[in-house]
Amino acid sequence: MKKPPLYKSLYAQVIVAIIIGVLLGHFLPETGTAMKPLGDGFIKLIKMIIAPVIFCTVVIGIAGMEDMKKVGKTGGLALLYFEVMSTVALLVGLIIVNVLQPGAGMNVDVSTLDTASLASYTAPGKLETVTEFAMHIIPMSMIDAFAKGDVLQVLLVSVLFGFALQKLGGRGTLVFDFIEKISHVLFTIVGFIMRAAPVGAFGAMAFTIGKYGISSLLSLGKLMGAFYLTCLFFIFVVLGIVTRLHGFSIWKFVKYIKEELLIVLGTSSSESVLPRMIAKMENMGAKKSVVGLVIPTGYSFNLDGTAIYLTMAAVFIAQATNTPMSLMQQVTLLAVLLLTSKGAAGITGSGFIVLAATLSAVGHVPVAGLALILGIDRFMSEARALTNTIGNGVATLVVAKWVGDLDMDKLHAELDNESPQAADQPEKILDQTNTKLGA
């Protein structure tokens, strides 16, 4: 099969768009800042389609299964994997920030920090209890879940609908067929939206550089360097070991989703590629029922990059302000972050909000210290989002293999394929999926 010209590749288009965005933001900062609506518009287009894509994917996957116990097993194993990997990510961040000590020697006086810009992040009530978090998953109505676009609420509605449709058996065939046809339409729309990805990446990058400036990276470069290094370590060592144990290569996997990663790099949001990741995971041999459960759930429960960021940023602030933290205090911070990190959906800036809420709740680290990293948080969000995206993809394949729903031959064939089919036309996935409604 002949490869398309390089200029037609989404991969190349996004790279060029990001470079142009950086140059515009650097040399014409006011113009670059004015490009913000382009990035925001692309993210809004993606969010517009996420809820119905999740609904159709989950419903088709569950309703097409004959063994309902397997759905429960898949969900349970996915949550187990999420908790283990989130804990590992938090520990990796905690260990490396203590070893490298990027904040040591800064000797920042907390009283001199400008905290006016932190008001919107440190408002009371930002931190949810476990009960509040569980209650939040239940929408006021089925329509409300889709209107808000809350991923976990949509997932709950989708799972219940899928179970009910499967229970109907043959009587639900017409509904099942209708939802499957809607899926074709939705993934076609995703294909249309993704053609605008270079424009969105350009706008978001031009705004970021124009507003914050490349020079702002230098002042806190030690923290950024340590954070990016830790993310790379987690991806290629920790996740590398996980993928090797499950029969595939992390290097080939990252290469396979390179276009998605570039879009994430440009937009700083892992949510921007959720529909494409669903398509790619199915094309790699994971069954729709597994993909539909693991990918959306992972956007709240499996944010490895955000977990690394939270521990590193908290301890960095303590180091920079000469705030001593005992081992027990760091363990307490870790325990609290295991809960609060679940509230950081894959949206730009959510990690900073969770960090502010956590520091307010724990009390060991001065919340005013957040002013130190507010200016560079936007630049660290790229690494967070990239790590989150890769982590969720790996989680999907691992859980699929655990429950016997991963075609290893297809996985290796796709990873060895230089031009993956799902790259530009994710709707083709549906043509390859002949799902039948369970009796």
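Cβ atoms here come from the backbone N, Cα and C positions, even for glycine.
Of the given residue ranges 248-268, 290-310, 311-331, Swiss-Prot assigns the label transmembrane segment to 290-310. Record note: among 122-142, 332-352, 332-352 is the stretch given as transmembrane segment by Swiss-Prot. Among the stretches 45-65, 77-97, 185-205, the one making the largest number of Cβ pairs under 8 Å with the transmembrane segment (223-243) is 77-97.
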